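The block underneath contains the structure these notes are about, expressed in structure tokens.
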Amino acid sequence: MTGASAMVRDGARQAMAWLHGWTGLLLGHILFIICLAGTLTVFKPEISRWMRPEISGQADPVRAITAATDWLSANTTGSAGWYLSAPDGRSNVVEATYDSGGAYMSRALDPVSGAPVARDTLGGEFFYRLHFELELPYPWGRLLASLAAMLMLVAIVTGIIAHKRFFKDIFTFRAGKGQRSWLDGHNALGVLSLPFHIMITFTGLLTLASLNMPWGIAAGYGADVATLYSDLTPGTVSRAASGTKAPLAPVGSMLAQAQRYFGGAPVSRIYIFNPGDAAAVVTIYPVEAAAIGMLPAEISFDGATGKVLKAWTEKRAGVRAYQTIYGLHMAHFAPLLTRWLYFLGGAMLTLAIASGMVLWIVKRRERAPLSIGNRLLERLNVGGLAGVPIGMAAFLIANRLLPLGLAERAQQEVSVALWSAGAALLLGLVLRPALGWPLLLGLLALLCALAAALGPIWAGDGVILSGNMLLTATAVALGLLVWKQCRRRSAPTPVRRRMAPA
Amino acid sequence: MAAPIHYRASRWRYRANVALRTIAGTVGAYGVAALGAAAMARTLPMARVEAVTLATMIAYLIAPGVTIWAFLARGPWRAVAGVMLAALALGGIAWIAGQPA
């Protein structure tokens, strides 16, 4: 290698390292929220079951959907649409979004009575929405999530190139050495499941493609979104309400017919447009469990007569490719072991982001006293990295403690989560980091333990019991961490050595 | 880690270098990807909806490619010029092809 090209490469590597740090810094907290919420969303139906302990056991999808449409027919008028998710092996309620008098409601419907379940809660949907909407109004949350994902892609690409000893780092961890340990940990977390990190970032960006990369659509279709939609899903029917009332034909026979068309695959989503109108349309989709791709088929019925209007099985390569990528991100296809691997990959990415943000501070602290900006960042790290999970744990506790009859109960649970996270952020900003870290992490451990205790801890339902075990394990791990932190602090501080150049 | 001697001599030149490459590798990369999506959506020889879908997916592969290239290019101005040239070419293709019926 000539001297000049070595210099160019060294410069590029250094610039990449710089860019890696700054992209991570800029949206690190947002990425932390996205990754933590996304990791939990892997078990969205299970979280929903934990949060609705009154409904237990399996539910029959056809009976549950019939009960749901009966209840909705009796309790909504002039609705533009009902969007229902049938229960399956994991979920045991009908998740419904419907408009009632102009306002859109999201409710879990009891699989037997069809009425909303008493414990009004968003359940796992809260984590799912937080993952890509960040509790911000449409489209700003999704745009911010897209921007964060794009920066993450830059951070991953630059992180790889900034790396000198790619494979060695998988096996390197030097404990108890300050900056060196944080760097080793960050590298190992980043590198060990790098293929997962790249996959999940890419596919995540693609799920929001129509928002963050609409230029291909604009070039091909201009503003004609309706044509694009009918081209993408030829099995759907778009027609206006007629204004004439007509009761919905029996849904059970439509569901049975749909399942036959899907080759025996159970139904998953049932969309009913203009219910109660003579021009009502019922569109049914199969479960995605059998294949990685989403929406491999769809079938639409005339709502008033129950006759098939259109049916479509997706075989086009380009569309299938997109659906496969989409499905790879959603992981609905994944059997239990794969789901745990998604969870593990997500957890490692979350920790890689958190350790990267801590590393930014540790690295600068070991060289010189921190600047004002970095001291603020250090405290933001305490409040943000501990505050987000504190809000989530508070959300679970609110689910058990808020009275069932409370108005807007589901929203109140979310408020508790946001206020708790906000309070933790404030505490992190006010307290000295040396005090803030153990205090907030200890608080998080207590909240996790409390949530598990309120489960109740010896729940009969296996899903709830597993959730309690996970919460307890998290509490114990955090407790150990805090204990170690406190013990090290009481020991005499070792003299700081100047880091040898890497 | 100490900066290479080459850059230590002129700190500001180094900073301008990185700033230009960063702009080319982020905003520029997105621009090239967006125009690439538009050009492919209009020219790929397949049904319109498939061309649009495929073009959008490929665009996400173009962006990180441009990012890497912006940092490996011989000089910062070369990175900026390269990105602009690619954007111009792809935008031109999209414009000439026109919106498919």
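Cβ atoms are placed via backbone N, Cα and C, with glycine included.
Those TrEMBL annotations? Automatic predictions, nothing curated.
Keep in mind it's a predicted model, so treat the numbers as computed, not measured.
Copied over from TrEMBL, here are the features:
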type     : residues  : note
TRANSMEM : A:21-43   : transmembrane segment
TRANSMEM : A:143-167 : transmembrane segment
TRANSMEM : A:188-211 : transmembrane segment
TRANSMEM : A:340-362 : transmembrane segment
TRANSMEM : A:382-402 : transmembrane segment
TRANSMEM : A:414-431 : transmembrane segment
TRANSMEM : A:438-458 : transmembrane segment
TRANSMEM : A:464-483 : transmembrane segment
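Across A:188-211, A:340-362, A:382-402, A:438-458, stretch A:340-362 shows the highest tally of CB pairs under 8 A with the transmembrane segment (A:21-43). Against the transmembrane segment (A:464-483), stretch A:438-458 has more CB pairs under 8 A than any other of A:340-362, A:414-431, A:438-458. The stretch from A:188-211, A:382-402, A:414-431 that makes the most Cβ contacts under 8 Å with the transmembrane segment (A:340-362) is A:188-211.
Same-chain neighbours of the transmembrane segment (A:414-431): 122, 126, 135, 376, 379-384, 386-388, 390-392, 394-395, 397-398, 402, 439-440, 443, counting only residues six or more beyond its ends whose CB sits under 8 Å from a CB of the stretch.
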